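Data block below; observations after.
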Amino acid sequence: MQYLMDLYHTSSTELVLLFVMLVSLIPVIFLIKRLIFIPVKNYLTRHHYDDYERIKKYPIFRYLLHTLLALYFVCWGKIFHSTAFKAHVLLGIKDTIVILYTGISVTMLLLTLIDAFADLYHNRIKAVTKNAPLSLYFQILKIIVIVIAAMVTISYILNISLSTFLTSLGAAAALLTFVFKDTVLGLLASLQLTTQEIINIGDWVRIGAIEGIVEKITISVVTIRNFDQSISTVPTYSILNSNVTNYRGISESGARRVKRVFNINMATINFCDATILKALKKSPYISKDVIDKITLDKEEKDLTNIKLFKLYIQEYLKNNPAVYTEGFTFLVRQLEPTINGLPIEIYIFVKEVNLVGYENIQDNISEHFISILPEFKLKIFQNVGVV
């Protein structure tokens, strides 16, 4: 009833002000578009065409228009207050609507600008920051903007100071933390993952049964492209409680390990002497340079063909340009005999880290050693099962 009475007693001057505000809205919109938007668009088209084409999909001008209109309504609100507007209930509703409209418009404009800037920034320096989780940082920035805008808007609507609102909010912090538990945990986990460089975009990682390349890190999930081109998503906060293997060190060091074991048939291991070198030098399958570098102790009486084979492996690998002989482990050793023969293990690092090249190198090494075994009168152990 009081609301209707306030409306009834509204003076003709105030009605005129309302009419002027609404009617002048159309030319104001026209002037904003004509004097601001069109010149800005023309300038961007002429001088920054590529950038403008990239950000054109973002509704920056739409939210800028709403923001300017919000300022327009704020100015009219000051006028209404100065004229002692009699419909106090209507005035209060109007103030609340204007505050909400202003807060939402400014917030959406800032969020859109952040998205556009993130797109431009990533496109311009993506070669430099290809491993940096830029989307995560911009997401955090957007959350900060939303939180600040919400606090300021609510404090204005309730007509209380921001410090008083924050004090009141502290009492509800436990409830808010519980309601937004996943978001809070994801935010803290994503910051920890990136600041401590546990994982970065482009890293080859294994998390539990998932193995692939990290494509995106956000507050809520980490996206991993598996090697079969399928996509796996892992909750960000759960990664801190998981066993994470990051193979980034392989690409950073430029070296990748090769660990192969050859099980030699122990029945083929025999004593030999230096005369076997003469036979090996005549073999068309063995490099003469490698054989010439194998030196034997003249007084050594317990020379075996397996030891000669180990010496050959060492010299062959030292002469292989794809193998690191310094700076990384270089080892050829004999392991404990088993029912499957005498294991000879090579433990080396090669200079190729890409999968295809790496597999080709270790395949060539293994194939060469298996093929050359008969020259040393040795055989690979083969377990012939009973069918």
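Using N, Cα and C of the backbone, Cβ positions are placed for all residues, glycine too.
Caution: TrEMBL annotation is automatic and unverified by curators.
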Could you tell me which of the ranges 99-122, 171-194 is annotated in TrEMBL as transmembrane segment?
99-122
Counting only residues 6 or more past its boundaries, what in the same chain has a CB within less than 8 Å of a CB in the transmembrane segment (60-79)?
17, 21, 25, 28-29, 32-33, 37, 41, 94-95, 98, 101-102, 105-106, 108-109, 112-113, 116
Quick one: average pLDDT across the domain 'Mechanosensitive ion channel MscS C-terminal' (258-372), no decimals.
84
